[in-house]
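Feature list (source: Swiss-Prot):
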type: ACT_SITE; residues: Asp167; note: active site, proton acceptor
type: BINDING; residues: Leu44, Gly45, Ser46, Gly47, Gly48, Phe49, Gly50, Ser51, Val52, Lys67, Glu121, Asp128; note: ATP binding site
type: DOMAIN; residues: 38-290; note: domain 'Protein kinase'
type: MOD_RES; residues: Ser8; note: phosphoserine
type: MOD_RES; residues: Ser98; note: phosphoserine
type: MOD_RES; residues: Ser261; note: phosphoserine
Amino acid sequence: MLLSKINSLAHLRAAPCNDLHANKLAPGKEKEPLESQYQVGPLLGSGGFGSVYSGIRVADNLPVAIKHVEKDRISDWGELPNGTRVPMEVVLLKKVSSGFSGVIRLLDWFERPDSFVLILERPEPVQDLFDFITERGALQEELARSFFWQVLEAVRHCHNCGVLHRDIKDENILIDLNRGELKLIDFGSGALLKDTVYTDFDGTRVYSPPEWIRYHRYHGRSAAVWSLGILLYDMVCGDIPFEHDEEIVKGQVYFRQRVSSECQHLIRWCLSLRPSDRPSFEEIQNHPWMQDVLLPQATAEIHLHSLSPSPSK
């Protein structure tokens, strides 16, 4: 049964990465103006990354998200093959925006005198995982397993494309409530994946690994696995396990909800204090708790379609 489901999910894993040299998006200055192509709607959110608005593509009424990033807030820059200097986020999104459905797609981008504007896909209806958990509490393990599998596949896809997200958390995961599909969003803290050590980190501290807290050094893959462990705990317990630096470096995990022993084992494995003790993506996927995963559409039918939105806490 698991094999058939894995085969059904194989299209996610086998999705190719975009070749930056086959550049499909022309530099912003060569395109029609933003205002003639997109209708800007209400503000969806804002923060250190800039502001994100809902929008509509005029040509076909496609819902989009329109992200404005001020140039003076951009700390990491990249370069396209044609020499255009752009935020690293654009480079990373172009590398991962392919046929794979588990990562948000960059549809277009524009450069303005003092900012960049990114046009991203926007599923409807949609809710981020943070709000989903806040409204409904800790997830049933069957639902958490389906969600976690999809996030793991998204992170694997990014790594296969040479991209390290560096801010895996519930707020950066969108749930398509009709299809049961998850999408990893916000690559503003990301970097090109490398085998050597990283000495910078702009992600969310409570999801960061103990080696970063203690030594300001970490390796990309093992740090990603730590963040995945935090995320899985969040799913099955309804909140993150650690709030303060001293809790992160101690790494003592206490379960506030009734969680199966297999799920507890996987979480504790991902949250091993020594990076070398953490599992690989393949070991996570082969873990006993990860077997018999629901397909996204089944997840939607069983767990999402029957639920009506409840008031936020």
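Glycine residues also receive a Cβ, built from the backbone N, Cα and C atoms like all the rest.
Here the features listed in Swiss-Prot are placed on the structure.
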{"residue": "Leu44", "record": "ATP binding site", "DSSP class": "strand"}
{"residue": "Gly50", "record": "ATP binding site", "DSSP class": "strand"}
{"residue": "Ser98", "record": "phosphoserine", "DSSP class": "coil"}
{"residue": "Glu121", "record": "ATP binding site", "DSSP class": "strand"}
{"residue": "Asp167", "record": "active site, proton acceptor", "DSSP class": "coil"}
{"residue": "Ser261", "record": "phosphoserine", "DSSP class": "helix"}
Confidence summary (mean pLDDT) of the domain 'Protein kinase' (38-290): 97
Of the recorded positions listed as Ser98, Asp167, Ser261, the one whose CA lies nearest the CA of Ser46 (ATP binding site): Asp167
Among Leu44, Val52 [binding-site residues], residue with fewest other Cβ within 10 Å: Leu44
Where the record names Leu44, Gly45, Ser46, Gly47, Gly48, Phe49, Gly50, Ser51, Val52, Lys67, Glu121, Asp128 as binding ATP, the maximum Cα to Cα distance in Å: 21
Number of other Cβ atoms within 10 Å of the Cβ of Ser261 (phosphoserine) across all protein chains: 9
Count of other CB atoms lying within 10 Å of the CB belonging to Glu121 (ATP binding site): 18
Recorded positions compared (Ser46, Ser98) - highest count of Cβ atoms within 10 Å: Ser98
Fewest other C-beta atoms within 10 angstroms, as judged across Gly48, Gly50, which are the binding-site residues: Gly48
Ser98 (phosphoserine) versus Glu121 (ATP binding site) - Cα distance in angstrom: 12
Pairwise Cα distance for Ser98 (phosphoserine)/the residue listed as 'active site, proton acceptor' [Å, integer]: 20
Number of Cβ atoms other than its own within 10 Å, given for Asp167 (active site, proton acceptor): 22
